[in-house]
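According to Swiss-Prot, the protein carries these features:
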- 24-42: disulfide bond (DISULFID)
- 35-63: disulfide bond (DISULFID)
- 48-52: disulfide bond (DISULFID)
- 67-78: disulfide bond (DISULFID)
- 79-84: disulfide bond (DISULFID)
- 1-21: signal peptide (SIGNAL)
């Protein structure tokens, strides 16, 4: 019985620790950072602003509890694994 209880305690601690380790790439620094508890999605949001033709699309990366809602003229994608939202310019081709 004590072995079973000890096993359950160890499994609980491991699971709680893993729950806090979800990470996504975040802007403006485009580096992997831990997400807040409950935020288990990474998102990438891109759009054109007044300077789109000279510098390219604006890119926002971050964590979310739910995928951000659609917005006019903005592309939004979400994924649910660690660091699954790399900056498009940093992806291997």
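Any Cβ shown, glycine's included, is placed from N, Cα and C.
Values in this document were obtained by computation on a predicted structure and should not be read as measured data.
Location within the structure of each feature annotated in Swiss-Prot.
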{"residue": "24", "record": "disulfide bond", "contacts (Cβ under 8 Å, 6+ apart)": "32, 33, 35, 41, 42, 43, 61, 62, 63, 82, 83, 84, 85"}
{"residue": "48", "record": "disulfide bond", "contacts (Cβ under 8 Å, 6+ apart)": "57, 58, 73"}
{"residue": "52", "record": "disulfide bond", "contacts (Cβ under 8 Å, 6+ apart)": "58"}
{"residue": "67", "record": "disulfide bond", "contacts (Cβ under 8 Å, 6+ apart)": "41, 43, 76, 78"}
{"residue": "79", "record": "disulfide bond", "contacts (Cβ under 8 Å, 6+ apart)": "41, 42, 43, 85"}
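Of all the disulfide-bonded residues given, namely 35, 63, 78, the one with the smallest number of surrounding CB atoms inside 10 A is 78. Listed disulfide-bonded residues: 42, 84. The one with the lowest count of other Cβ atoms within 10 Å of its Cβ is 84.
According to DSSP, residue 63 (disulfide bond) is assigned to a strand segment. DSSP classifies residue 52 (disulfide bond) as helix under the three-state reduction.
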